[in-house]
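Under the heading active site, proton donor/acceptor, TrEMBL lists Glu500, Glu509. The S-adenosyl-L-methionine binding site annotation in TrEMBL covers Tyr382, Lys391, Tyr392, Glu449, Asp478, Met479. Annotation source TrEMBL lists compositional bias 'Low complexity' at 314-327. Sequence annotations record features per position, and here TrEMBL assigns domain 'PRMT5 TIM barrel' to 41-347. Positions annotated as domain 'PRMT5 arginine-N-methyltransferase' by TrEMBL: 356-530. The domain 'PRMT5 oligomerisation' feature in TrEMBL is assigned to 533-748. The feature region 'Disordered' is assigned by TrEMBL to 311-333.
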Amino acid sequence: MDDNVGIQSEDPPTILFIGQHESQRTTPITSQVLGQAQSLGYDLLTAPITTEHFQSRVLSKLQDHVEQLKVAGSANAVPWPTISPLMPEDTDFQPEESNSALIAVVSPWIDLGSSDPLIAHISRQVFNLEVAYASFCGVSNVMVHGPITGSNVTLYSRAVLEGLALGPYVQIHILMPMTGELELEGAESAHLSELARPDFIPGMDEDEDTEPELYSSWESWNTIRTMCNYSSKLVISLELPRQLPSLGLQSRWHSEPVRTLMLPRTSFLRNAKGFPVLSKGHQLLLTRFLSLKFSPWLLLADVDAIEMPEHSAAKSPEPTPAEAATKAGEKPKDPIAHLRYMRHLQQTQPSRPPIQKFGQGYQDYIQSPLQPLTDNLESITYEVFEKDPVKYEWYEKAAAAALKDLQAKLGGSREIIVAVVGAGRGPLVTRVLRASKSTGIKVTCCAVEKNPNAHVLIQRRNATDPLWNKQVIVVKTDMRSWPGPTINNEVKKVDILVSELLGSFGDNELSPECLDGVQHVLHPEHGINIPQNYSAWMAPIATPRLHADLLSRGGGSEKWELPAVVMLHQYDDLCVLPGEDRIAEVKEAWTFTHPAPPSILAQSALRAGGTTDAGGWTGGDGKNEHNARSCKVTFHATERGVCHGLGGYFESVLYAPEDGSKPIELSINPVTIDEKSRDMISWFPIFFPLKTPMYVPDNAEIEVSMWRQTDDRKVWYEWFVEVFKIETAKRTRVAVSELHSSRANGCLM
């Protein structure tokens, strides 16, 4: 169970903000221009911070300095050039309320990562001046072109880090291509990288391959955000190319903090009627981004210019009769064809799956797991769980199958005793009674619940619900203290023990400890547990969003050692199975089976209270040590990435019919959920964070060691991650995490 309260079930409307960008915009963005854009249907515009006059001034300063160097003959004899503050003719920006609808664009002709220190110095001054002035004018979003191919990304990153401190409310958008280089139209004027002095341009071997690596753009971004310590003020403006890269790289970018998606003219195709459209691949990628909790804005780049009405009239002299006749046969050009198409896509987005509707607003939201043994749940929490369209139906099927098997084994005359332990508000009791009715097998049903508030409700339900019909034995106690049902003044054994104690990792809400504690009421020869077993599964994932969230929180290292329940959405599986479908490599950690062997519980009873010589390995007398677990699991990563933690899941067999038919199973494992319990919504995954992100190279192995520990008072987890580079006949360890332990915040027994 997970505390997912206040969750919507309706499919929310798709919210999409669309802006317009011109790479070579020279027209000042006045309130009139912005108003015209908004009347056409745009939500925002981009605008250059400075004018061509400022660029000319900077180039003149640079040329003067180069001339001084030639005369002086020594670089040390001439001081670095300084760019004086902006003048009115250097910028069209000024503080206005409408600036909230603008994305300010830093001069695209600078080179913050230039190998020429003079160019880098000039570029950094321009960058700082422009960001500071945009912040002064009340602009909250500033876009800067990412590092150019071959530049010093570390130097670029250091400049961006400085820029983040220039405005307390400014988000810096790094304009990045998905792979390769940007497809945006370039500026007609000179780029400072072209003015780098030959002595500072690194040489290139003739045989060197100049084709950029597939992940080179993402590598640059990873360096930038690492240098900036995952700042929430640093985001991506991602350009979608005409040819989308591999699904793996698409998933990687999807996991990153993309604030704007840039769609240049090259992103679009023309359909049979000549209208701009996106390919199916682009549409699918757009749908993925629009499903995020905070979906990115779209920027249509260099497609449809915004013309003011008076300008259009001035530019259109009276046509000659011949021109008028020709134009009469032409279809008028749609000035917002691309925008109109994007609004069409907005209105025709596919319906979201049930889990996304259910968890709307809870995507990538960190929650603490429940402690059901020490905390009494509120009614609203129970209510949310009871909305699951799959879980309780599966429980009813499992109960019906178990009743049939027991009747065949025990004979038809005997009533079967079923106990629902941890009954809550009674949904499982209802399902057991339905199973009894559908199979025609009579049952004596018990509802055991320790929560005094829920106990009031199930007593009332027993008195008023026609299905319950005052026949349910309602008991208020901790299940572990319950001696069993008293029927005709005799304490009886239970034939079927039903519970819903599973957590996101299967055992993380102490289902093993609870079911061990109540096993004494289960019939030792034919007693059945529902569920019969459950297993914990895990996978290494990249989730920059969650890492940044934890970084921004107060407190010490404790937050990195607390497993959290999260509806994982904006993440990337670092390890996938071979094939084009990118199926995550999720592996089993351990399994618990119920009922436990009597010899195990007998030994546990002997160790309780220290009646044997052997104490517990991690404290206590060791009575719960049989529920400790450990594993060492290896995952295979073919593509580079960064590991921020482990995603945890569970699978459970509620009941396997004795006739060999298909088991009734639950799963939140992303690989098997559709097969075993599609559309189930009761559980979100669990996340085991890493304090320090771990870089994973191409063709690597990620080795995870994990322990479930106990000291008889509580249960906690420990996890440790290693990364190995795999080369021919060689396996080299390249990264090791700290040992993380949740002992300080363990689940109390």
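Cβ from N, Cα, C; glycine included.
Help me understand the surroundings of these features in the structure.
DSSP assigns Glu500 (active site, proton donor/acceptor) to coil in the three-state reduction, outside any helix or strand.
Neighbour count (other Cβ atoms within 10 Å of the Cβ, all protein chains): 23 for Glu509 (active site, proton donor/acceptor).
Over all protein chains present, the Cβ of Tyr392 (S-adenosyl-L-methionine binding site) has 19 other Cβ atoms lying within 10 Å.
Summarised as a single figure, the pLDDT of the domain 'PRMT5 oligomerisation' (533-748) averages 93.
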When you look at Tyr382, Lys391, Tyr392, Glu449, Asp478, Met479, which the record names as binding S-adenosyl-L-methionine, what is the longest CA to CA distance in angstrom?
24
Just how many other Cβ atoms lie inside 10 Å of the Cβ on Glu449 (S-adenosyl-L-methionine binding site)?
27
Measure from the Cβ of Met479 (S-adenosyl-L-methionine binding site) and count the other Cβ atoms within 10 Å, all protein chains considered.
23
According to DSSP, does Lys391 (S-adenosyl-L-methionine binding site) fall in a helix, a strand, or coil?
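DSSP call for Lys391 (S-adenosyl-L-methionine binding site): helix.
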Just to verify a number: CA distance, Glu509 (active site, proton donor/acceptor) to Asp478 (S-adenosyl-L-methionine binding site), in angstrom, no decimals.
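Answer for this pair: 15 Å between alpha carbons.
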Would you please pick out, from the recorded positions Asp478, Glu500, the one with the fewest other Cβ atoms within 10 Å of its Cβ?
Asp478
Lys391 (S-adenosyl-L-methionine binding site) to Glu500 (active site, proton donor/acceptor): how many Å between their Cα atoms?
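Cα of Lys391 (S-adenosyl-L-methionine binding site) to Cα of Glu500 (active site, proton donor/acceptor) measures 10 Å after rounding.
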So for Tyr382 (S-adenosyl-L-methionine binding site), how many other CB atoms are inside 10 Å of its CB?
18
